[in-house]
Amino acid sequence: MSSVLLERGRARTRWRRWLYGGLGAAAAVGLLAVLGVLIPLDWVTTLSAVFMYILLAEGWNILGGYAGYLNFGMVTFFGVGAYTAGVLCTQYNVHPLLTIPLAGIMATVVALLVGVPALRLRGVYFAILTLIISFLTQVLVTNLDITGGASGIYMPSLPFDPFTNEQIFYYAFLGLMLLAVLLAFIIEHSRFGYALVAIREDEDPAEILGVRTTWLKTQALLLGAFLAGVAGAIYAFHTSYIEPQGTFSLDISIDVVLMSLVGGLGTWQGPVIGVPLMLVTAQVLRILAGELPFFGSTIPPEFDRVVFGIILILVALLAPYGVMGLVRRVRGRRLTV
Amino acid sequence: MEPVLQVDSLSKRFGSIVALERVSFALEAGTILGLIGPNGSGKTTLLNTLNGLYRPDSGEIRYLGRPTRNLRPHQLALLGISRTFQNARVFHTLTVSQNMLVPLVHARVHGAEAQERARQLLTFVGLERYQALPASELSGGQQKLLEFARALMTEPRLVLMDEPFGGVHPEIKALLLERIREAQQERQVSFIIVSHEIPDLLSLARTIICMSYGRIIARGSPQEVSEHPDVIAAYLGHAGGQAQTSPSSSVSSSSYFEQAGGHPS
Ligand SMILES: Nc1ncnc2c1ncn2[C@@H]1O[C@H](COP(=O)(O)OP(=O)(O)OP(=O)(O)O)[C@@H](O)[C@H]1O
Ligand SMILES: [Mg+2]
């Protein structure tokens with residue numbers, strides 16, 4: 001009797017939580033959609049970058065956060081996506097819109113080629129291999145003819161005024177980011193997601209209990225690579241010029257990991273919190289620092305790295321499970337290693 | 001009738017350590033085999049080899065008449081071999097019911113049906129109240145219960161249990177014993193159960209095998225094995241069936257085995 005009541009009460013709170021969650025999400029999406037036409041140009045650009053990094057971080061999180069495989073290779077898939085769009089568009093006259101899914105597919109194929117051998121390694125070895133692969137692809141792209149070598153590729157520009165241009169990319173990244181967040185949410189509440197966490201926590205028992213661990217990790221990598229490839233393609237059209245040093249910069253890989261870590265690994269909310277926290281803080285501090293006399297008019301590009309480093313140290317000291325770890329603790333759930 | 005498991009002359013070495021030496025036995029469907037032996041005698045290694053984690057150096061394992069040599073652990077799980085661990089290995093940040101769903105990740109079972117099966121099995125072991133709790137918040141004994149329920153999720157034919165009663169309160173131990181017997185009798189599940197204490201196995205196992213230094217040194221009914229001179233010698237004369245009923249000898253033998261230090265499984 002009492003347990004029936006208890007169960008009913010629990011079902012009602014669950015239902016209510018979903019309702020409020022849904023309403024909150026709808027409100028946030030609506031707000032972001034309106035912001036695109038309200039805020040000044042440089043903030044449109046900043047938010048586009050935020051959306052792009054959330055997209056990348058959600059993609060990274062599937063393998064890196066849920067399954068606990070530290071992947072420093074996201075920039076490889078991002079770069080492959082950018083270059084696929086660039087090459088197809090400028091050398092094969094493929095319609096720009098069509099190059100975007102093709103970029104995702106190409107990044108997935110590359111992930112399959114590097115991932116299948118790499119995912120047989122565990123722990124530090126996997127992380128190091130992803131670093132090596134990143135360097136190798138950068139070298140490869142710098143030396144190939146089809147990619148334009150070190151001089152890069154000039155992308156065709158959209159036939160609009162600069163402001164409309166920025167808004168188009170704002171909405172493109174916003175839409176894709178929402179899809180990525182939704183995907184992460186679905187994964188987190190599925191058996192696939194539980195099995196990924198099981199791999200992170202104790203891989204041998206997971207396999208013994210029937211989880212095809214290598215295949216699951218590969219799937220997680222491929223999903224992330226597809227998202228990164230698509231992000232890379234849109235980035236390429238956005239910046240209008242791609243070259244190996246910037247597009248394959250290891251900074252991108254590292255930033256994605258840091259932002260996910262700060263937000264909270266293995267939660268769909270982690271990137272949504274961590275990315276804006278870091279990018280907006282860096283942006284605000286950059287503006288403030290511009291006022292200081294000793295920087296003059298030029299703030300060195302390393303400025304962001306210093307800010308990210310300080311945020312990382314603060315998070316490591318104050319919130320070892322990221323911001324989401326704090327949120328869960330407030331909700332009364334204990335997290336243990 | 002064909003045995004569930006047929007093990008022939010299985011050997012496994014780790015460097016100079018002989019963990020298994022020409023181990024042979026058969027397991028009939030729906031029966032329980034007890035496995036005892038001092039620390040480091042190869043019990044866990046045997047289970048690890050049976051579910052494909054280790055490859056034997058020589059010998060053959062047939063599960064339902066089929067050689068398992070080239071099968072990976074997850075493939076054996078799919079065919080119906082399930083497992084619990086010496087130190088409970090639950091997935092800590094997952095909730096209790098999420099733990100239950102992990103083995104069904106590839107199963108063609110609808111989500112609602114999988115959750116219903118999880119709920120029933122959790123009720124079976126008395127954990128239904130803890131479904132939404134992270135598994136890390138369960139006590140050690142409760143984690144053993146969760147492992148047992150989780151092992152039944154795939155509706156296995158054979159369950160390998162490594163020291164299910166180790167560090168478990170008598171109350172939970174009694175529940176576990178009863179549930180194992182029910183699973184055996186009502187679902188025709190076969191078990192291999194590793195234990196240090198013969199008395200725990202008396203009521204369950206028809207046959208007990210005693211291992212020492214990787215070899216089977218005795219096999220037979222619980223009574224026969226506990227009276228076997230080699231078994232008594234292997235347990236330093238303390239842990240024979242009769243001797244173990246006296247509390248002092250049982251304490252001294254188990255504390256000896258704690259210190260003897262096998263490997264951390
Ligand atoms: N992965 C491994 N690598 C190296 N040696 C191992 C490994 N696994 C087991 N061994 C060795 O094999 C022997 C048998 O170990 P095993 O764990 O099977 O013993 P056990 O009977 O389960 O002991 P316990 O009662 O302490 O659990 C030990 O000497 C152990 O050191
Ligand atoms: Mg053992």
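Keep in mind that glycine also has a Cβ here, set from the backbone N, Cα and C atoms.
Residues 47, 167, 170-171, 174, 178 of the same chain sit 6 or more residues outside the transmembrane segment (A:18-39) yet have a Cβ under 8 Å from a Cβ within it. Residues annotated as transmembrane segment in TrEMBL: A:18-39 (among others).
The transmembrane segment annotation in TrEMBL covers A:45-63 (among others).
Per TrEMBL, the feature transmembrane segment maps to A:70-88 (among others).
Sequence-remote contacts of a segment are chain residues at least 6 beyond its ends whose Cβ falls under 8 Å from one of its Cβ atoms, and for the transmembrane segment (A:94-116) they are 73, 76-78, 80-82, 84-85, 88, 133, 137, 156, 214, 217-218, 221-222, 224-230, 232-234, 237. Annotation source TrEMBL lists transmembrane segment at A:94-116 (among others).
Sequence annotations record features per position, and here TrEMBL assigns transmembrane segment to A:123-141 (among others). Same-chain residues lying 6 or more positions outside the transmembrane segment (A:123-141) and placing a CB less than 8 Å from one of its CB atoms are 69-73, 75-76, 79-80, 83, 110, 114, 147, 244-245, 247-248, 250, 253.
Per TrEMBL, transmembrane segment is recorded for A:168-187 (among others).
Marked as transmembrane segment by TrEMBL: A:220-242 (among others). Long-range contacts of the transmembrane segment (A:220-242) within the same chain: residues 48, 52, 55-56, 58-64, 66-67, 69, 71, 74, 77-86, 96, 99-101, 103-108, 110-112, 115, 119, 152-158, 169, 172-173, 176, 180, 183, 196, each at least 6 residues beyond the stretch ends and with a Cβ under 8 Å from a Cβ of the stretch.
The feature transmembrane segment is assigned by TrEMBL to A:307-327 (among others).
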Within this structure, do the transmembrane segment (A:307-327) and the transmembrane segment (A:45-63) have 3 or more Cβ pairs under 8 angstroms, counting pairs 6 or more apart in sequence?
no
Same chain, outside the transmembrane segment (A:70-88) by at least 6, Cβ under 8 Å from its Cβ: which residues?
56, 59-60, 63-64, 94, 96, 98-100, 102-104, 106-107, 110-111, 114, 126-127, 130-131, 133-134, 137-138, 141, 146-148, 153, 155, 221, 224-226, 228-233, 235-237, 242, 244, 247-250, 252-254, 256-257
